[in-house]
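According to Swiss-Prot:
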| type | residues | note |
| --- | --- | --- |
| REPEAT | 124-147 | repeat 'LRR 1' |
| REPEAT | 251-274 | repeat 'LRR 6' |
| REPEAT | 326-348 | repeat 'LRR 9' |
| REPEAT | 739-761 | repeat 'LRR 26' |
| REPEAT | 786-808 | repeat 'LRR 28' |
| REPEAT | 951-970 | repeat 'LRR 32' |
| TRANSMEM | 1025-1045 | transmembrane segment |
| TOPO_DOM | 1046-1077 | topological domain 'Cytoplasmic' |
Amino acid sequence: MRTDERRRWWVKPKKHITLVFITITMIIQFQMKGCVSCVETERMGLLQLKSYLKNLVDAEEEEEEGLSILKSWTHHEGDCCRWERVKCSDAINGHVIGLSLDRLVPVAFESQTRSLNLSLLHSFPQLQSLNLSWNWFTNLSDHFLGFKSFGTLDKLTTLDFSHNMFDNSIVPFLNAATSIRSLHLESNYMEGVFPPQELSNMTNLRVLNLKDNSFSFLSSQGLTDFRDLEVLDLSFNGVNDSEASHSLSTAKLKTLDLNFNPLSDFSQLKGLESLQELQVLKLRGNKFNHTLSTHVLKDLKMLQELDLSDNGFTNLDHGRGLEIPTSLQVLDFKRNQLSLTHEGYLGICRLMKLRELDLSSNALTSLPYCLGNLTHLRTLDLSNNQLNGNLSSFVSGLPSVLEYLSLLDNNFDGSFLFNSLVNQTRLTVFKLSSKVGVIQVQTESSWAPLFQLKMLYLSNCSLGSTMLGFLVHQRDLCFVDLSHNKLTGTFPTWLVKNNTRLQTILLSGNSLTKLQLPILVHGLQVLDISSNMIYDSIQEDIGMVFPNLRFMNFSSNHFQGTIPSSIGEMKSLQVLDMSSNGLYGQLPIMFLSGCYSLRVLKLSNNQLQGKIFSKHANLTGLVGLFLDGNNFTGSLEEGLLKSKNLTLLDISDNRFSGMLPLWIGRISRLSYLYMSGNQLKGPFPFLRQSPWVEVMDISHNSFSGSIPRNVNFPSLRELRLQNNEFTGLVPGNLFKAAGLEVLDLRNNNFSGKILNTIDQTSKLRILLLRNNSFQTYIPGKICQLSEVGLLDLSHNQFRGPIPSCFSKMSFGAEQNDRTMSLVADFDFSYITFLPHCQYGSHLNLDDGVRNGYQPKPATVVDFLTKSRYEAYQGDILRYMHGLDLSSNELSGEIPIEIGDLQNIRSLNLSSNRLTGSIPDSISKLKGLESLDLSNNKLDGSIPPALADLNSLGYLNISYNNLSGEIPFKGHLVTFDERSYIGNAHLCGLPTNKNCISQRVPEPPSVSTHAKEEENEEEGNVIDMVWFYWTCAAVYISTSLALFAFLYIDSRWSREWFYRVDLCVHHILQFKRSSVCN
């Protein structure tokens, strides 16, 4: 016993001594690390570098944008190892080994030169990592060492020059950086042949990122100089060389990214078999199509990941089979056109090591039951196809190790039993919805699943009461989407209580009637209950219960009352949408001062009032502000100046008055300005700094005066000035904006000449000049608007002929691939809301809240067609093409070239002085829906071919001098007499005039016919002198007879005068009663 006690006595002190020794060692190391201080020469070098970078930023721009470059780099702070963006070695005299200088300098225009002086880096001989991305440098320079500048940095291994504006001129400088192992040149302006010969000395490269440049050819020398290269990224270039894969051959290459190049044939990849160590091959977004021939991949024995998404494959090679190495673990076929049968699936089902498979966004119709044999499959995405069949049976046969299953947006119908997932013990993500019907989702009430979901998507389904019972067993949910499920009653507070890690809950498009919040504070980040039927007021303590909310959408409900002040406690809130409710009152000061992280604030279509943005406002992060459709009054206050990143401002349809304040021009990033429908007045808004303005809508106000001649909006895309009181000339500078697409000047008093500065590069698609005071000829230069789709020059005083060159204008004839930016006004795609519990995968899965939030609807354009104004927006606007020249003083004939506008849908030439006949070429306008030629001087007959215009929904050729029989056949039988009135010589249906009585027998000879015509003309001559004498005699005779009759018969005379007196009495009595009323 004593021996054991002595042993225990010795062991205890030994343990204590060991702990003490470890503690002392850690303290010494910590103190030594804390004593690290940088070398003085390097400290001074950093200060010189800061000074150089600051000089690249204009002092005024720095002040306005709030830039403060490298604030901690000062003379007062001696230890530069403590400075931001600086990393030092662990030695006592620490050398600078890392500089992270990304995103310091604001965006430069393409015409601006911004040089990086490499000699400033010579002070850091131990530098290992340098990041200068996102600074928009254009070139490198070194007046001391020239191209050999990087040679002094022989420890440099990582260099990041991505997202600048470098071109090939930097290549000789890079060739001296022989120690670099990782080089990033993504998103620059490099082009030509890859790899450039000048890079032959960079033999130590392991990682080379050239994404998003313009390399189009590959050197025949290939990658022989880069023998150790393991990762090569040439995505988003123009690589289309037929010998691409031969040039890329290098023994050690493990990852090859050729995403989004114009490769079109797998035969271009024959040399891939030499890449024996290749593990990752990415060919997304190329131009491969039709059947996939994979025999060129069969020798890649190490291949583990293959990305063939975003191509045009329609099928797999059945003859050879799917010759993909069995080592494959990740296969991505999403966004192709695959329509696989059972035999087509078999090739995939032979890949027994497959762990992740994405077949989403194809044309699949049959369920791939053979996937149940893939015992290692953990990720399966079949979303956005046309799958149908017995869903419960298919799901029950899937591998038990499955973790991720997406069946969103298919053609499933009927019921789905949730307990068919009984074999799935590891399932964490489940997604289900249908495009064609409502899926009845049910489960057994007693079933308790073995899995715990993290993400559940069940949108556009019908959840039974037992299904909600299933959710009670889930305690680890992070993301829940139950939108469009016909849910009723109260907001499911229990779902929030049971899942303490819940970050996102989407309940939009249901029929919830009450919002009841949990009592305890919760970490919820995304809450969407839009488009329900909630009539409550918003609880005052909502900001206390959900202080971590980042996204809050309460729009399209029936909320009443005021906005809670406690929302100001949501310090992380980025998007707040309470539009289309019944909220009233003023904006709380606590809300305006506390939500400094807010980027999107949408309060449209409520009953809010008062003045906005006093000095208390502190919305410094605001990017988009939507206050349209309220009752705000007064003028804008300067509190908005704190929102220096404000990009979109919409205050339309309020009661703002007075002049637009000059300070609004100091919001330098303002790109979208909507102020229509107020009571603003004064001259055209003067924006001092306006390089970014894309959309300006100040219509329906009382602005007056002329537009300054020197107005300059280089980025302008849409300008709306209609329904104001502007006068004077339209400045030519407006048309110099290269991207101008919409110009609406209707209902003003502009005059003078127009369009004198238009050139063939103009992208103008919508030009509306209705109801102004233009009095000139329509200039021929207007035909240079080759992309125009809607043109309205009506209700002016244009004179002269219609230009025949209108046929050169597209009106939809030239549909190019350029997306009409006017379809989507504003996109917050850079604001993402993905939960932290996002499923980990090598696939690019679409998880979380939608990646972009677009709170602004598509552009709306009103255009007169079918005798009424129609509103066109979104994709419909893309296909609407119309020409309106009505109510002018145009003369001459309708040019036959008008028939070349074959995609036009509305043509209005009414109320002019046009003569001649209706050209037969109009019958070529097969897409025409509205034709108005009324109130002109057109003559001749109606072309019979008009009956073949099957799309015509409105026809008006009234009040002309047309003659002959109406071709009442084909589509013209749908129009009644109103389309033809005012043409005295038209006959036939639908009029009541018979054409037979007006027909003249065919003359026997030319001389007889001429004689008949002469006699007819003589017989039709009226002697006007005899006509006047006859009328006078009849009038006098009738008057004498009336007076004699009344004089002779006294009874009739008394009755006559009685009736006259009675009529006068009734008139006087009616007049008195009207005055009294």
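Indices start at 1 and increase along the chain as displayed.
From the backbone N, Cα and C atoms, a Cβ is placed for every residue, glycine too.
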Residues of the repeat 'LRR 6' (251-274) by DSSP state, where helix covers H, G and I | 9 helix, 3 strand, 12 coil
Sort the residues of the repeat 'LRR 9' (326-348) into helix, strand and coil with DSSP and give the three counts.
-> 7 helix, 3 strand, 13 coil
Long-range Cβ contacts under 8 Å made by the repeat 'LRR 1' (124-147), restricted to residues 6 or more beyond its ends, are 42, 45, 87, 89, 95-108, 112-118, 153-167, 169-170, 172-173, 175-176, 184
What average pLDDT does the predicted model assign to the repeat 'LRR 28' (786-808)?
-> 90
May I have the DSSP-based helix, strand and coil counts for the residues of the repeat 'LRR 28' (786-808)?
-> 5 helix, 5 strand, 13 coil
Per DSSP, what is the residue count of the repeat 'LRR 32' (951-970) in each of helix, strand and coil?
-> 1 helix, 8 strand, 11 coil
